[in-house]
Amino acid sequence: MAPGEKIKAKIKKNLPVKGPQAPTIKELMRWYCLNTNTHGCRRIVVSPGRLRRLLWIAFTLTAVGLIFWQCALLVFSFYTVSVSIKVHFQKLDFPAVTICNINPYKYSVVRDLLADLEQETRGALKSLYGFSEVKSRKQRDTESWSPAWEGVRPKFLNLVPLLIFNRDEKGKARDFLSLGRKRKISGNIIHKASNVVQVHESKKVVGFQLCPNDSSDCATYTFSSGINAIQEWYKLHYMNIMAQVPLEKKINMSYSAEELLVTCFFDGMSCDARNFTLFHHPMYGNCYTFNNRENETILSTSMGGSEYGLQVILYINEEEYNPFLVSATGAKVLIHRQDEYPFIEDVGTEIETAMSTSIGMHLTESFKLSEPYSQCTEDGSDVPIKNIYNAAYSLQICLYSCFQTKMVEKCGCAQYSQPLPPAANYCNYQQHPNWMYCYYQLYQAFVQEELGCQSVCKQSCSFKEWALTTSLAQWPSAVSEKWLLPVLTWDQGQQINKKLNKTDWAKLLIFYKDLNQRSIMESPANSIEMLLSNFGGQLGLWMSCSVVCVIEIIEVFFIDSLSIVTRRQWQKAKEWWARRKAAPSAEAPSGAQGQENPALEIDDDLPTFTSALSLPPAPGAQVPGTPPPRYNTLRLERTFSQQLADTRLPDEP
C-alpha cells in the first residue's frame, strides 16, 4: 500500500463516527461495540491480537446462547397448561433384628465344665451367708458343700478369694477359707459403687481380691450387694473356662434356631429358621439375626402396624438356665443396621416370658458434615485404631477395639467378651495367670479415660437410629392357655419331653409405627456457590460488574500488566547489555594527572606574562564533516492537502 493510502486509512480509522451516521454496517457495529455497556462486545473490538478477539467472540456467543436457552425455557414453562401427577408408594427397609436367649448355653450340656466352679460357689454362699441352696430341680444333681473340703484349698477360691468386710474394721476381712478368722488385707480396696446414685450402705460388704503373680500389690474390689459380688466373681471364672472351649463345641452347646424360634411371620407371610443367620456371641451364645442382607437382599415393608412387621414366638426353656450366671429369664433383642455389629449386651432390649412384647419403631437418619465442620469420620479410615470387628465403623466399635488392643499389649491376651485381634489368644489361667488383675486395672483406667481411647475415637458422620416404643400384654391369656400351650408343645415335636408352662414362652412383635422417616442433615451455612453469589451481587450492585467483567479485569491487570512489565524489563536488560559491549575498555593512567606534562611545569613563584606565553594554544573548533539537512524537504503541507482532497464526506440529506 502506498504511503498516502496508509495515512488515509489511519485517519479514517480514527475518525469519530456516531451511530446512525456510520457509512457501513461494519462501522455501525464497531461503534456499538465501543460504546455499549455489554463488556464482551467491547472486548471483541479493543482486544489486541487475533487469538484474544476469537476467545472473546466465543465467550460472548456462548453467553448469548445460554441467555436465549434459559429465556425460551421460561417462556415455554409460562405458557404450558399441562399438569403432572406423581404417585409414590413409600417403602422402608426393614432393619436387621438379632435375638438371643439370655442364658447362653444349655445347663444340662455345660454343667460338666462348670461343676467345680458351681460347687465352690455353693460352698462360698454357705460360708459367707450361712445358708444352703434349696434344690427345686431334679435335673441338678450337684454336690452340696461337705466337710470334705476342710483342709483343702479349692482352686477357684484360692485364685480369687471371696471376702466379707466390716465397715467398722478397716483393713480387715473375713475369709471363709480361714475358717471364719479375720485377716489383714493389703493393697488397695476399691468399692465398685455408683458415684451418682446414693444407696443405703450396709455394715458389711462382699468382695474379692486380685493379686498379680508373685507380688503382694493386691487390689480388693468390694460391692454394695452380695449378689453383684458373687455374680462378678463367678463371671470371671466362667470366662476363663469358656475361653478354652473350641467355637464349634460352644455352638453345639447353645440353642439351635429350631429350638429358639417356634413360629415366624413377616409382613403377613410365613417364615422359619432358614430366614435367620447364626451369630455366636461370647456371653449370649447362639444368637440369630433376621434380615441380615442374606443373598444381598434387604427386606422392606410398605405398611405400618403390627400386622406388617416381624412376629416370632420364642421358646425360652427356663429349666436349662444357669443359676449363677444369669438371674433373669427371657430373651434379648437388638434392632440395628445390616452392616452393624450387634452389641446385644450394651443396648439390647429384654423380652419377658409369659408376655407379648410389641416394639414400635420410628426411623431417624442423621447425616453430619465431616471436617472442618465437625470431628466425625466417614468410615473410620482416619482413626488410628484398627477395627477388629467384621462390621462397619461406629464409635462403640472403635472404643472396644482400642481397649482390646491395649489389653493385648498390657496383659498379653485378649478379653473373652470381645473379638480376637490378629495373632492373639483369649486369656486363661494356664497361659496367663495374671490376666484378671491386669484386666481390672486396665478396665478401671479405660472407664476413667486414662487410656486415650475416648480422645482418639470419633463419632460416625452418618448413622441410623430406631426410636423404640415398647408395650406389654399378658400372653397367653388364662382362657387361651389351655389350648395354646399344647399346640406349641406339639409344634416343637420330639424336642420337648415335658409339660410346658407359660414362663417357657415369649412372644415378640417388631414393626414400624408409620412409614414417616425423619432425616437430620447438616449443610454448610456458607458454601462456594453462596460465596460466589454474594460476590456477584456486590460487584453487580456497586460496579455493574459481571463474570465478563471479572475476566476482563484478569486480562488487563494480570496478563497485560505482567506482559508490559516483562517487556520493559527485557528491554532494559538488552540496553544494559548493549552499553556494556559498546563501552571502551579504558586503562587507568600510570601516574598522577599532569605531572609529566611539560606545559604544566610552573615555578614556585607567581605566574608572569612570560610563563603564560609559553602555554600551548587552544585547539580550534572542528568543522562537522556532514552538512545539515535541507529543512524544506520536511514540509508536508502540500502533500497532506492533496491527500485530504481525495477524501470525500457523504452529502448531508
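One-based numbering along the chain as shown.
Glycine is treated like the rest: Cβ placed from N, Cα and C.
According to Swiss-Prot, the disulfide bond annotation covers CYS100-CYS287 (among others). Its own atom aside, the Cβ of CYS287 (disulfide bond) has 26 Cβ atoms within 10 angstroms in the protein chains shown.
The disulfide bond annotation in Swiss-Prot covers CYS211-CYS218 (among others) and is backed by similarity to another entry. Within 10 Å of the C-beta atom of CYS211 (disulfide bond) sit 19 other C-beta atoms, taking all shown protein chains into account.
Spatially close to CYS271 (disulfide bond) yet at least six residues away along the chain are CYS264, PHE265, PHE290, judged by Cβ distances under 8 angstroms. Sequence annotations record features per position, and here Swiss-Prot assigns disulfide bond to CYS264-CYS271 (among others).
Per Swiss-Prot, disulfide bond is recorded for CYS376-CYS461 (among others), and the stated evidence type is similarity to another entry. The Cβ neighbour count for CYS376 (disulfide bond), using a 10 Å radius over every protein chain in view, is 19.
Under 8 Å, Cβ to Cβ, and six or more positions away along its own chain, CYS457 (disulfide bond) finds VAL383, ILE385, LEU395, CYS398, LEU399, CYS402. In this structure, CYS457 (disulfide bond) belongs to neither helix nor strand by DSSP; it is coil. The disulfide bond annotation in Swiss-Prot covers CYS398-CYS457 (among others) and rests on similarity to another entry.
Taken from Swiss-Prot, the feature disulfide bond covers CYS402-CYS453 (among others), and the record attributes it to similarity to another entry. There are 22 other CB atoms within 10 A of the CB of CYS402 (disulfide bond), with all protein chains counted.
Annotation comment: Swiss-Prot describes CYS411-CYS438 (among others) as disulfide bond, evidence class similarity to another entry. Non-local neighbourhood of CYS438 (disulfide bond): PRO212, MET407, LYS410, CYS411, each in the same chain, at least six residues away, with C-beta under 8 Å from its C-beta.
The Cβ neighbour count for CYS427 (disulfide bond), using a 10 Å radius and every protein chain shown, is 24. Look at Swiss-Prot and you will find CYS413-CYS427 (among others) tagged as disulfide bond, backed by similarity to another entry.
Per Swiss-Prot, region 'Gating release of inhibition by proteolysis (GRIP)' is recorded for 137-225, and the stated evidence type is similarity to another entry.
If you look up Swiss-Prot, you'll see 582-632 marked as region 'Disordered'.
The topological domain 'Cytoplasmic' annotation in Swiss-Prot covers 1-55 (among others) and is backed by similarity to another entry.
Swiss-Prot lists 77-538 with the feature topological domain 'Extracellular', giving similarity to another entry as the kind of evidence.
Residues annotated as topological domain 'Cytoplasmic' in Swiss-Prot: 560-653 (among others).
Swiss-Prot lists 56-76 (among others) with the feature transmembrane segment, giving sequence analysis as the kind of evidence.
Swiss-Prot lists 539-559 (among others) with the feature transmembrane segment, giving sequence analysis as the kind of evidence.
The shortest Cα-Cα distance from CYS427 (disulfide bond) to any of the disulfide-bonded residues (CYS211, CYS218, CYS453) is found for CYS211. Looking at CYS376 (disulfide bond) and CYS453 (disulfide bond), their Cα atoms lie 15 Å from each other. CYS211 (disulfide bond) sits 26 Å from CYS453 (disulfide bond), taking the CA atoms of both as reference points.
The secondary structure of CYS100 (disulfide bond), as reduced to three states from DSSP, is extended strand. Under the DSSP three-state reduction, CYS438 (disulfide bond) is assigned to helix.
Cα-Cα distance from CYS453 (disulfide bond) to CYS218 (disulfide bond): 26 Å (rounded to the nearest whole number).
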